[in-house]
Every structure is written in C-alpha cells, then in structure tokens.
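Peer 1: So TrEMBL lists these for the protein:
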- CYS76, HIS357, GLU399, ASP429: Mn(2+) binding site (BINDING)
- ARG115, GLU271, ARG272, LYS294, ARG325: phosphoenolpyruvate binding site (BINDING)
Amino acid sequence: MLDIAAQREELAALDRAETLPARQQPDWPDDGSLEEARATLASLPPLVFAGEADALREKLAAAARGEAFLLQGGDCAETFEGATADKIKDRVKTILQMAVILTYGASLPVVKMGRMAGQFAKPRSRDAETRGDVTLPAFRGEIVNGYEFTAESRRADPRRLVQAYHTSASTLNLIRAFTEGGFADLREVHRWNQGFARNPANARYEEMAQEIDRAVRFMAACGADFEDLRRVDFYVGHEGLLFDYERPLTRIDSRTGQPYDTSAHFLWIGERTRGLDEAHIAFFSRLRNPIGVKIGPTTTPDDVLALIDRLDPDREPGRLTLITRMGAGRIREALPPLLEAVKASGAQPLWVTDPMHGNGLTTATGYKTRRFDEIMDEVRGFFEAHAQAGTIPGGIHVELTGDDVTECLGGVEQIDEGDLGTRYESLCDPRLNHRQSLELAFLVAEELKRLHRD
Ligand SMILES: O=C[C@H](O)[C@H](O)COP(=O)(O)O
Ligand SMILES: C=C(OP(=O)(O)O)C(=O)O
Ligand SMILES: [Mn+2]
C-alpha cells in the first residue's frame, strides 16, 4: 500500500506527464468549459473497479504464456447515437459468437474484450478536412466534435467529454447485464453459430460448426454444468488518447494506493502517439491497468525494446500487450526481427495481431475500406512469423460491428466496390460486419487448431 505522500506524488507525476509534448490533442476553446468538464469527470464515479483490471492482467498473462487467447473487437469510433440496446446487443453477440469458435479452435479460454464503452477519440492523419473549397477541422471522434461537415459541428466542445462518460456508463451497464444475466449462455451462442453455418453460402464453415456441436453434446453427456456457462467475464478497452478524459478518471485504488485509469480495464497507446519522450508513454507507463501499444511496420527492434523498458520495466506478466499492425504485404518481413529481439531480451509481452490498420485503402469513389482476404492474410502472416520465431501468437484485435454494414470488401457475401454505398455507416475506419466477423473467427480457429495440433 502506497502511503498518502507517495499517492500524492503518483498523481503529481501524472500531471507532469500530461504537460510533455502530446500529439493528437484537440483544440479546445479557451473559455473555461474544458476545466468545467474535467472537474465534472473528476467528481463522477469510476466506470470500472481496479480489481477487475487486475483480474484482466492475470488473464492476459495466461494469453502471453499460450494458455489463453485474447479477442478484442468493436467499432473504430463508437458514436453516441450508436449506443442503443440493439446495437450494443448485436456487438456483444458477435464477440461472444466469435469467442466460442475461437475457444474451440484453440482449446483454450478466450479473453473477451470490447473496443466499447469509451472508444470515442480518434487520432487522424490530417488535422483538417477539405471538401470542395471548404476546409474545416478534422473529425476527431464524438468525444471531441461532430461528424457533420459544418464549422459549428467541427468545433471541439468539452461538454462532449462528459457525454462520452455517460454514454460509456450506460453501454457498460448493458454489457454487464447481458454477460452476467444469461445472454452469454454457451448453448444459445452455439445455436446462433449453427444458424450462420447452416446458410449454404457458409458451407465452408459447416464442418467446424458440426465439430463444435459434437463437442457441446459431449460436454452435456459428461454432465457439464451449463448453468455455470451462462455468464462470462467481458472486459472493455479503448485507445488512451485524450488526457482531458483519462486524467480525471484516473483514481487512487483504495486497496493498493496505486493509480488506475478507471475509464476502462485496458488502455492502449496508438501508433501515432507512442513517441518515447512524449506524454502518452510517460502517462500510461505510470498506471496499474494492463496497457497495450500499437506497433506499425516501421518499428525497429530497438524501438520495441525501448517501449518494453518504458511500459513494463518490471517485466510483470500480463502488463504489456504489443498489438502489431503491419499490413499483409509487410508482416512476414517486418514482424520476425521484432519477435527475435524481444525473445532474446527475455521479455514475454502478449503479442496480438491487428490485421485492420495496415490494410486500409480508399476506393476511387472515396470510401475507406479493407479487403477481407488481406485482413486474413495478415493474420496468417502473424501466425507464420510466430511459428518461425518460436513465440506465442496470443490474440486478435479487430474493428467490427454486429450490423449488416457494407464497409469491408469480400467475405462470403462478396461485397464489392459497388456495394460499399449500400450501408456504409462508420464515421472513421471500415468494420467487418456480423457475417465477416464470424467468418474471420472460423478462419482464425483453423489457424489455432493447426498451431495446437503441431
Ligand atoms: O482508427 C485509426 C485512425 O484514427 C484512422 O485510421 C485514421 O484515419 P485517417 O487516415 O482517415 O485520419
Ligand atoms: C487508431 C487506431 O489504430 P492505430 O493506432 O494502429 O493506427 C485504432 O485502433 O483505431
Ligand atoms: Mn481504426
């Protein structure tokens, strides 16, 4: 337990970290509204309990040892309007369905985590957006400004920080109700998957669905307690980007005297904000939550070793997750040297693949999209690189929704460029739709099956 003076010093260190150069922060108005929003956030209850973050750290440690597998999924950018019962339910349902498929493939527990209940802030490639002859500030996520292309909507409004908190609170409340109240019943989730696999278009996945069915019947015959399998642990995480949201929600844990960011169980630092001498690394390195960092294709072995030293100096199991997002065309060359260097250093972070962010493309008609086959190719490259290095492929991080959107190309529905306009709803990056997400899960399960057979 840290004593009171040490606790004060921890909080002061976080305040100092915030003052270091920080990328991707909004241009808030200078009228006192930011201070007001921060004070409001600081007075509101935490969204998660520090003990839950500790439990997650232990599960991530198991995944890093190859004894579990992490599934992280959800919107690129959550929206306030999208926090409806149906949309939250369908996203949770999609993640639960994927988790059952992956659990079977890996024969391991799957740690379930939504990019949900806080995934509102977006780093952007450009600070401004031009349409015709009008240039306005870029959309930075609904926690900062509005998507509508008007000067009024694009102005950063600190009151949105508080709205993001309340939207996260109601989202998390429903997630907890669903996952603890019986919605996650294994037999029910399995029935949803059977419905998917019975569709003739999905025949490729029928065999594995039948194998899972036999496994569930086998469990039943052995007297498995399905009542016990009606609830699951479900965690939430988001990119830790805005200090004006994360700092007021960082609290001293009454059990240990240590600081936890109570906006989520897990926070990750984005590819654009992981500068070693900058604010994000300094801030998040001081938190007790399990932390992630995105690693892009230009990352050198020295960069990764330095990130490990900063974010996990004590080499604590489960503390650090490295989320690689290399691009399908780069991963087979870019990842192995990093795996070798980290292995040689003796560190054992959790390695997770994000096969989305290195595979973006923009169509001639202006849609940001990704090809399903390239996404899957990056996943395969991730498994291959780990097999080659003798390290552990510990999880997958995807942008998805439970809705039937048309944002990513391909999959069994064979969404093509002409279809993108049918239902393109993302305010930032393209997400796998419900069917593409399940398809991905079946294909990743095949990789996991191969890995655990060999
Ligand atoms: O989600 C990730 C980033 O915010 C996103 O890929 C950036 O997109 P942009 O290049 O359109 O700014
Ligand atoms: C911004 C994101 O990713 P990255 O930092 O990898 O670009 C994201 O996960 O939405
Ligand atoms: Mn994204």
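Glycine is no exception: its Cβ is also placed from the backbone N, Cα and C atoms.
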Peer 1: Let me know the DSSP-derived helix, strand or coil state of GLU399 (Mn(2+) binding site), please.
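Peer 2: For GLU399 (Mn(2+) binding site) - judged by DSSP and reduced to three states - the answer is strand.
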Peer 1: List which of the binding-site residues ARG115, GLU271, LYS294 have their Cα within 10 Å of the Cα of CYS76 (Mn(2+) binding site), in sequence order.
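Peer 2: Of everything listed, what lies within 10 Å of CYS76 (Mn(2+) binding site) (Cα to Cα) is ARG115.
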Peer 1: Tell me which of the binding-site residues HIS357, GLU399, ASP429 ends up closest to ARG115 (phosphoenolpyruvate binding site) in space, Cα to Cα.
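Peer 2: Smallest Cα separation from ARG115 (phosphoenolpyruvate binding site) among HIS357, GLU399, ASP429: GLU399.
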Peer 1: List the residues in the vicinity of the Mn(2+) site, defined as same-chain residues other than CYS76, HIS357, GLU399, ASP429 with C-beta within 8 angstroms of the site's C-beta centre.
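Peer 2: So the extra residues in range turn out to be MET356, GLY360, SER426, CYS428, PRO430, ARG431.
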Peer 1: Which of these binding-site residues is closest to GLU271 (phosphoenolpyruvate binding site) if you go by CA atoms: HIS357, GLU399, ASP429?
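Peer 2: Result: the closest of the binding-site residues to GLU271 (phosphoenolpyruvate binding site) is HIS357.
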Peer 1: Which binding-site residues out of ARG115, ARG272, LYS294, ARG325, GLU399 lie by ligand 1, going by a Cβ under 6 Å?
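Peer 2: Cβ < 6 Å from ligand 1: none of the binding-site residues.
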Peer 1: What binding-site residues in the list HIS357, GLU399, ASP429 lie within 10 angstroms of ARG325 (phosphoenolpyruvate binding site), counting C-alpha atoms?
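Peer 2: Cα within 10 Å of ARG325 (phosphoenolpyruvate binding site): HIS357.
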Peer 1: Hey, of the binding-site residues listed (GLU271, GLU399), which one tops the CB count within 10 A?
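Peer 2: Ranked by Cβ atoms within 10 Å, first place goes to GLU399.
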Peer 1: Where does HIS357 (Mn(2+) binding site) sit in the DSSP three-state scheme?
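Peer 2: Where HIS357 (Mn(2+) binding site) sits, the three-state DSSP reduction gives coil.
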Peer 1: Of the binding-site residues CYS76, ARG272, ASP429, which ones put their CB under 6 Å from ligand 3?
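Peer 2: So the answer is CYS76, ASP429.
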